[in-house]
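The next block holds one structure in the form of C-alpha cells; read it before the comments.
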Amino acid sequence: MALSGSRTEFLAGDTLGGDIQYGRSGGCFVSTRRGIMCALLVAAALVLVGLLVFYLAPCPHGGQGASAANGTAAQATGGPAEGGDTASSVLPEGPGGGDASTETTPSSGAPVNLRLPKEVRPRYYSIWLQPFIGDPASNNFTFKGLVDVEVFCESAGEACASVSLHARELNVSWDEVSLRLLPAGVSSVEAPGRAGRAIGKKYNASADNASAPAAAAAPAPTPETIAVTAHAKSAEKDMITFSLAKPMEVGRNYSLEIPFWGNLSTSLSGFYRSHYTERTGTEKWLAVTHFEPTYARRAFPCFDEPAMKARFELHVARRQAASSVSNMPLRSTEAIPEQPGWVWDHYPPSPIMSSYLVALVVSELASKSAPVTSPTSPAFDVVARPDLLPTADYALSIGPRILDHYSDYFNISYPLPKVTMAAVPDFAAGAMENWGLVLYRESLMLFNSSISTAQSQQSVASVVAHELAHQWFGNLVTMDWWSDLWLNEGFATYVSYIGVNHVEPTWHMLDKIVTEQMHPVLETDALNSSHPVSVEVQNPAQISEAFDEVSYNKGACLIRMLNHSLTEEVFRSGLTNYLIKWTWSNANQDDLWASLTEAAGNVSGLLLPASVKAVMETWTLQKGYPVVMVRRDYTAGSLHLSQRQFKLEGTDGAGARDDRALSWYVPVSYATGEDVKWLQDTRPRAWLTPEHRDGLNISSVTAPGSNTWLLLNVQQTGYYRVNYDSANWRLLSDLLQTGPLETVPAASRAQLLSDALNLARAGLLNYDTALNLTSYLSRETDAVPWKAFVRAYSFLDDMLRDSREYTHLQAYARRLMGPVAQWLGREARPADTLPQRQLRATVLARLLRAEEPDLLNWARAQFALWLNASDANPIPVDLRFEVYCAAARYGGEREWAALEARFRASDQLPAERSYLLRALMCTRLPHLVTTMLERSLEEGGDIRLQDSIYVWRSITQNPVASYIAFRYVRQNWDSIYARYSKVPFVLKEVLRSSIEGLSTELDLKDVLEFFKLHEGQFSVAARTVQQALEKLRLRVHWRARHHAQLTAWLRQDSAASAAPAPTAFTPTPTPATTPAASGSSTAPASPAPAASTPAPVAG
Ligand SMILES: [Zn+2]
C-alpha cells in the first residue's frame, strides 16, 4: 500500500511540491523558566498519553462517541445504521437472527488475545456479492453476500469443535449458517466452482435491492451436516464463533456457508461506495473494496490474518450497464433470470493469497489495454472514469515495462494472468497492491502533462513501481504477521526506486532516495517516541499505526544499506532464493536473513562482522540510529570512530558510553582527497560494531601529515549520521566551496547538508559551521542537495517565523537561492530534465515565501493572466500551485474567491483540484481558514473525505492557520470525532497538524485538558499524539538553546549585504497595472552560477 495518511505519500507525492515540512512549529515566546515549565508539562503529557495507550490500546472499539452519521443508506431502507463503533452495533442483528447467541463486549482489564485459533484454517472461498448501486432510482447502498468457505481442522481435539472467523459490521443470517462435511477427497482446490454451482441457484432466488440477507432456504439436515449449536460474537475481537454439535474430523474438508448483508460504507474501507460526476452532469456511483490491513472482514466473514492464505473464487452480481473487475480475469457472465437487468460475473479462483489482497470494483469506469508485447507477458490494462481515461496513458506506458523489469530483477515471472490498475475517485490510501487489481487514488495514477507538475509525474511513476513490486514482495511472499509489515513496505519502497530508475533513467532516482526516504525518517527516528521497524502489534488500531514512516522509509533505507553492504550480486541472489523458498506462503525477517546469509556464504571476500541476522537485528529490533563520531589523527593519517544514538534532543558532553545505550553494526565506507575514487564505491571498508566499546581505530587512511578532507558513509548508504572534528568539517566545506563539485556525488552533498544542519539542531555541531557550509549552495544546481537543504531550512523557518530576526532569515534564503533561481528561470525549457523542473518549483516556492520582490511581481502578473485567460492556463505548469498559493497568501478575499470558484469547477481535473484546495489554505485571513476547516468536515460537501487531509496538512505551513486550528479542533471535537473516528488516516492528520503549530505553555495546558476530557478517543492515533507532543517539547528546548546563536549568525550574514524591501501582493490584480508582467516571466539568459558547476544533464 502506498500511504496517503502518513507524510510518506507527501514526500514522494505531488501534494506538497518540493516543500515538505516536518515538525512544524509556531513561535514560542517563553522565558527560560516558563520554557522549563512548558517542558515539564509536555513530559506530563507524554506520561498521560502513555497511560492512555496502555489502557486503551487493547480496546479498539471502545470509543463512546461513534455516530451513525454514515448511516444514510441504511436509514433509507430501514436497516440499522452502518457500523457504529459501539459494541452493540459491531455486529448488528439481521432480520430473523439472534438465537442461541452470546455477545462479548470489550473488556477493560487484561489484554485479550485477538488472534484466530490456529487449528481451523481456510482452504478455499467461494464468495457471492451483490452491491445495490449504479441505478439512481434504486440505489440503497447495501450489499448482500454469501460465502462458502472450505475449512479443515489441523489437529484433533477441542479446537475442532468450533469455528472462529472475522466479521465486522456485517449482518449475518444466523439461522442459515451451515457446516457440511465434503465427501472424502473432495476439495474446491481440485474442483473449482463446486460451491459456486450449488450456491448460485439458491442466491438467485432472492429479490433485487433487498436489505435482507440472501433468502436462501436453510439447508436441509443431511448425515454430512454438523449442527451449529450456538454462535458467539466478540466485538472486541471482530470475531464470530460457531459451536458445533461434534468436532470436525482431522484431514477432512468442510463447507461453511454464511449468508450476510451489509452497507456500502462511506469510510473508504471494507466494501464502500464512491462517486463522481460525468462531464454531462450525470452522477455515477461505484462500489469499491479496500481491505488492508483488517477490512476484508467488513465485506465478508473470513479468516482475516495474512498467514491464513487460501484461494478466492468471486461471483459478483451487477446491473447490465455496469462492469466489474477483480483480481483474476473475468471467466463468464450470465443473466440472472430472477432479477431482470442483473447479471453474474464469474471469476476463476485466485492463487493462494491473503484475505487483505482480495479486490473488487463494480462501476461504469472505462478501460484500456496495453499492446501485447510478448506471448509470455501478462495482459495489462488501466481503468478510470471515461472522461479521464486518456490521462492513464502514462501509467499504462510504464506499468508493463516496470513489471517486466521486476520479473528479471527477482528472476521470477509475474504469477497472475493479468494486471489491472484502476483509478478510483475516492480512495483512502495512495494506492493498494491487490494482487492483479491495483487500486489508486486518481491523482497518483492519472497524469496530464498540461495540468500536472513534474513532481506529480514522478509520484505516479513511484507509486506504480511501489505497487507492482508488492506483486512479488507482499503478495507472492507475505509477512507472517503485521509486526513484520516493514518487510513488505520497506522492500516495495526501496525496489520502487529501482523500477522507476529503469523506465526513467534521467530522473536520478537512486540519489533521490536519500532526500525522499532517508532524511524525513532520520528526523522521526531521532525521537524517543519512535519505534523499531519490527514492532509488536495486536489489535487493528496498532496494526493501522504500523503503516508509518518508520515501516516505509526506514524499512527502505535498511534494505538499501544491506544491498550496498552485501553487494548487488549477493543481495539479488539471496532475494530470489527467499522469494522462491516462500512462494505462496508467509515468512518473517529471520527467513530473509537466512536466505541472504546463504547467498553471502557463496561469495568469498565479503566483509561481514557477524551473521546477517546479528547485523540486521541491531537495526530492526532497536529504534533509532547512531551518529558516528570521527576523530582524525592528521599526523599519523589515522581515524578513531565511535558511535552513540542520535537524538534530536541532543547528547551533551562526550562522556563514557552508558552501558544501557544502544549500539549498532555500522558499515563504514569512506573516501579522502587522496583517494577520490572511493566516493563511487559504497562497499564497507570496515565495520564499527557493538563490540568496539572504546571505538574503532583505522590506520593508514591518509598519508601521515596529510591535510586533505575525509568523507564517511559514502552517498549516505548507511542509515546513520556522521560528525567530524572541526578541522575536517572545514576541509569538507572548502571542498564544496572551491573544489571540483562534480567529484562529490550529489547524494553525498545532500548528506553533508543534512548531517551538518541536523547535528547543529541537536546541539552536536556549532551552527556557524553548519551555516557556513551552506554558502556553497550558490554554486549548486542539482535538485538532490537542494532538497536536503530546503528540508533542514524549513525547520529554521518554522522556528523564526514569529521572531524579529525572521527578516534576516528571509534575506539569507534570497541570497543563497538567487543564483540558482536565475539560472533556472521561470519557464520550463525543452531541454529541462525532470529533476531540473522539480528544482525550479522547489527554489521558487521558497523564494516566494521569502518575498523575493521580482518573483512576487511575476506571480501576481501570472495570476492576473490566468484569471483573464479564456482557455488554456498560462501559468507554467510546475509553478501553478505556488502562484495560486502566493495569491491566497498575499492577496485578499477577491483572490481567494477567484481560486475557490476554480476549485468548485475542477472535479474533472484531480491534480489541479488538489493544487487549488491546498492553495485555498494559504490564506492569512482567519475567517477563511475557519471556512476551510468547516468545509473539510462537511459530509457530502465538495471536499472529498480522501482530500480532507490536504486541508489539515496545509495548516502547518501557515502561521495564521496554526494559531486557529487547535482551538477549532477543541471546540468542534464531537463533530470531528463523529466524522473521522473510523477514518484513522484523517483523524491522525487532524491531531498532528493542529498540535504541531503550538508552542507555548498555555497551549500545552489546553492540549492536556483536551486529551483528558476526551480520553479513550485517541487509541488509533496514540503514537501520532506522542510524537506531536515530543516535537513540541523539542521546539521549546531548541529555542532556549540555539535561538541566540542562530540569529547572531544571521545578523552578521545580513549585514554583509542590503536586502531589498519586500513587495506586497496587489489586492486587485489586473494585467494593465502589472508592469512586471512583460518580460519577467522568461528565464534570464544568465550563465550557470559558477564556472566549476557541473553542467546540467541535457534532457
Ligand atoms: Zn506498499
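Cβ atoms are placed via backbone N, Cα and C, with glycine included.
These features come from TrEMBL:
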REGION    67-114  region 'Disordered'
COMPBIAS  67-79  compositional bias 'Low complexity'
BINDING   His466, His470, Glu489  Zn(2+) binding site
ACT_SITE  Glu467  active site, proton acceptor
DOMAIN    709-1033  domain 'ERAP1-like C-terminal'
REGION    1059-1099  region 'Disordered'
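Features per TrEMBL, on structure.
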| residue | record | Cβ within 10 Å |
| --- | --- | --- |
| His466 | Zn(2+) binding site | 31 |
| Glu467 | active site, proton acceptor | 29 |
| His470 | Zn(2+) binding site | 26 |
| Glu489 | Zn(2+) binding site | 30 |
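Listed in chain order, the residues near the Zn(2+) site other than His466, His470, Glu489 are Met1, Ala2, Glu433, Glu467, Ala469, Phe473, Gly474, Asn488, Phe491, Ala492, Thr493, Ser496, Tyr552, each with its Cβ within 8 Å of the site Cβ centroid. In the predicted model, the domain 'ERAP1-like C-terminal' (709-1033) shows an average pLDDT of 93. The separation of Glu489 (Zn(2+) binding site) from the residue listed as 'active site, proton acceptor', Cα to Cα, is 10 Å.
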